Amino acid sequence: MTNQKPYTLDRVVRLTMGGALLVGLVWLLSYLSDVLMPFAAALVLAYLLNPLVELLQRLVKNRLAAVLLSLLLCLAVGVGLAWAVVPLVGREISHAATLVQNLANNSDLAQKAAHELPAKLLPLVQSILDRPAVKEFLGSSDMWGMLASLARKLLPGLWGLLGQVGSVFAALSGLVVVGLYAFFLMLDLDQITKGWRESLPPAYRRRTLELVDDFTGALRSYFRAQAAVAGLVGVLFAIGFSIIGLPLGILLGLFIGMLNMVPYLQLLGLVPAFFLAVMAGLDGGHGVWMMLGLTGGVFAVVQVTQDTFLTPRIVGRTMSLSPAFLLLSLSVWGKLLGFLGLLLAIPFTCLVWAWYQRFVVNKGAPEQLSPDPGS
């Protein structure tokens, strides 16, 4: 016998209203995705930094001081890395700009390109190099200008709200907004957690909290593990590209590592990596195809290392979801919510997975959704 409830008119109406509410929520998130991006990024940052805040809070006995110390520590680490990396990146950008100018001015480099590249590929490369955005990026040694361009891509809605107030100021403003969101979230995280828990109806509190605890535990563990994998992958790519002499190798490697916060998104780095490999092959003595092979080899080695060692040992211990299922969730949520969906695909998947484990695998549905006994 089954405990399944009959589909009465009242139940059908409730299910219909719930489905309509879910569709409306998805539409609203999609409509506000540009504006919600800074908040979503800050929420992820707050989750990642909260253990550090709690550790410092036990030492200084003050939440505000612990949050400030955590942000200052992260800022110091970021400034230190920038101090070490920016000069190297600047030199690589200058070198790449020289290659672009030589290729565009019909020099010996252009003649070598016509000899080594297929007839249909050379016009494509030249058309890419002639684009204003590419010339502006490679022809400028201003790191603030590149940060401003990156901010326009990551925070389009916020950028539009800020208006024409200067590229440097707008880029810094976007980072400040994310920092402010993260600051207030970390400052009030304990109060927010306790407040909403206490506001739940007593009849449903225990089972709801069990579901939420499963979800937040899986989410927190996954993001921390994925951040560790992304950092290691970025370092491996930067080292590999530097060894083979790829222009902008350090910058591209770290960027691919950052993309790896969303699983499999690092594959987007194949296009700029192979383009830079063509430029390096034309400029150096290895040849275009040798550089393409070396670049592909770096991707293959790092990907195999990630899939066979890093991800199983670091991420595999936090979630039992297969890579194929994670890729499917990224596709579905990305289609529904755009880039915001890519960022929140794993949290939403964790929520669905926690519900499935709690109420389906544990044979708790539909009784688990009823009020607690004795309440």
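Cβ atoms are placed via backbone N, Cα and C, with glycine included.
What TrEMBL says about a protein is an automatic prediction, not a curated fact.
Feature annotation from TrEMBL assigns transmembrane segment to 12-29 (among others).
As annotated by TrEMBL, transmembrane segment applies to 35-53 (among others).
The transmembrane segment annotation in TrEMBL covers 65-86 (among others).
Taken from TrEMBL, the feature transmembrane segment covers 161-187 (among others).
What TrEMBL records for 229-256 (among others) is transmembrane segment.
Annotated transmembrane segment per TrEMBL: 262-280 (among others), in sequence order.
The transmembrane segment annotation in TrEMBL covers 287-305 (among others).
Residues annotated as transmembrane segment in TrEMBL: 325-356 (among others).
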Proximity of the transmembrane segment (287-305) to the transmembrane segment (262-280), 3+ C-beta pairs under 8 angstroms: yes
The transmembrane segment (65-86) in contact with the transmembrane segment (35-53), cutoff 8 A, at least 3 CB pairs, sep 6+: yes
